[in-house]
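What TrEMBL annotates here:
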type     : residues                              : note
DOMAIN   : 6-152                                 : domain 'Lactate/malate dehydrogenase N-terminal'
BINDING  : Asp42, Asn105, Val129, Gly130, Asn131 : NAD(+) binding site
BINDING  : Arg92, Arg98, Asn131, Arg162          : substrate binding site
DOMAIN   : 156-330                               : domain 'Lactate/malate dehydrogenase C-terminal'
ACT_SITE : His187                                : active site, proton acceptor
Amino acid sequence: MAEPIRVLVTGAAGQIAYSLLYSIAKGDVFGKDQPIILVLLDIPPMLPVLDGVVMELQDCALPLLRDVIPTDKVEVGFKDLDAAILVGSMPRKEGMERKDLLKANVAIFKTQGAALDKYAKKTVKVLVVGNPANTNCLIAAKSAPSIPKENFSCLTRLDHNRARSQVAMRVGVPSDSVKNVIIWGNHSSTQYPDVHHAKVNNHGKEVAAFDAVKDDSWLKGDFISTVQQRGAAVIKARKLSSAMSAAKAICDHMRDIWFGTPEGEFVSMGVYSSGNSYGVPDDLIYSFPVMIKNKTWKVVDGLEINDFSRGKMDATAAELVDERDTAISFLGV
């Protein structure tokens, strides 16, 4: 058996973590022969709830789970980590300005970035889930100067999965028959779900998504707005935000980092923007199509971008620049 790896989940008493922890502990993410030490971090008032989660994980009797460590202390939570999944963040409350939300989250992710820098392995892979995910991820990366920026990513796989599923349902094929959808930009309602490069395996024949769907106005209209607004639609229906689907997306994202993407396929991840072929400004965490090999992602460069896509990619980049500049203005505070 391999040595156990240390995996941190923050916001570990919350509902996304409740859907997530079993899959990690069972071996669905890091492999069926990889023992795991789960570190569960949350704020002090949530510690009694966390104790209940620990009991449940113990009661699952999972052979790969070597230890579960609940804590509210960063020096315990971030020590010697191989992977960090940062789910916990300050949620937007009614009447709260986006600026106030950013300010609260800058403080959280500055602290967590500094803790990663001080206590975690330099090879740690960090996935930021808590919203605003892209900018929270950027702040964490900037606050951990000794860890490569490439080790940080934010979750847009949920949007990617949503886009894939919408196309699959429209064509009437299983979701794994759809590949290479792209989420560009911010994990917000300005994101751009793009199927210009997507392929659909329709009864054994691989065709372009536009040819498979045969409804351009839907693909350029309702499809995009459905994916952009899906989170809000779930909240409206469930009175709670996406948890099961978010947990599944986290597992997909981390498994792909660990084991790589299938040959000829790319997935969407918010990653550090630095000298790309798409004219996206540097120093943002922006969602690109990426391929992953040996735990290293690479942006899929050189895809053709039409005017329709260009406008949408630029709009979401502009939102991210604005978020970044606002967040950085709080960093010194």
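In case you wondered, yes, glycine gets a Cβ from its N, Cα and C as well.
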Next item on the list: Taking the Cβ of Asn105 (NAD(+) binding site) as the reference point, list residues of the same chain whose Cβ is under 8 angstroms away and which are at least six residues distant in sequence.
Entry: Ser89, Met90, Gly130, Asn131, Pro132, Thr135, Asn136, Ile139, Ala327
Notebook entry, point to check: In angstrom units, rounded to an integer, how far apart are the Cα atoms of His187 (active site, proton acceptor) and Arg92 (substrate binding site)?
Noted result: 15
Next item on the list: Write out how many residues of the domain 'Lactate/malate dehydrogenase N-terminal' (6-152) are helix, how many strand and how many coil, based on DSSP.
Entry: 67 helix, 27 strand, 53 coil
Check: In sequence order, which same-chain residues at least six apart have a C-beta under 8 angstroms from Arg162 (substrate binding site)?
Finding: Pro193, Thr226, Val227, Arg230, Ser245
Note to self: By a 10 A CB contact count over all chains shown, which of the recorded positions listed here is most packed: Arg92, Arg98, His187?
What the structure shows: His187
Checklist line | Per-residue pLDDT averaged over the domain 'Lactate/malate dehydrogenase C-terminal' (156-330), given as an integer | finding: 97
Notebook entry, point to check: In the structure shown, with every protein chain counted, which of the binding-site residues Val129, Gly130 has the densest set of Cβ atoms within 10 angstroms of its Cβ?
Noted result: Val129
Item checked: Sparsest-packed among the binding-site residues, when each Cβ's other Cβ atoms within 10 Å are tallied, from Asp42, Asn131 -> Asn131
Item checked: Site extent for NAD(+), whole Å (max Cα pair distance, Asp42, Asn105, Val129, Gly130, Asn131) -> 16
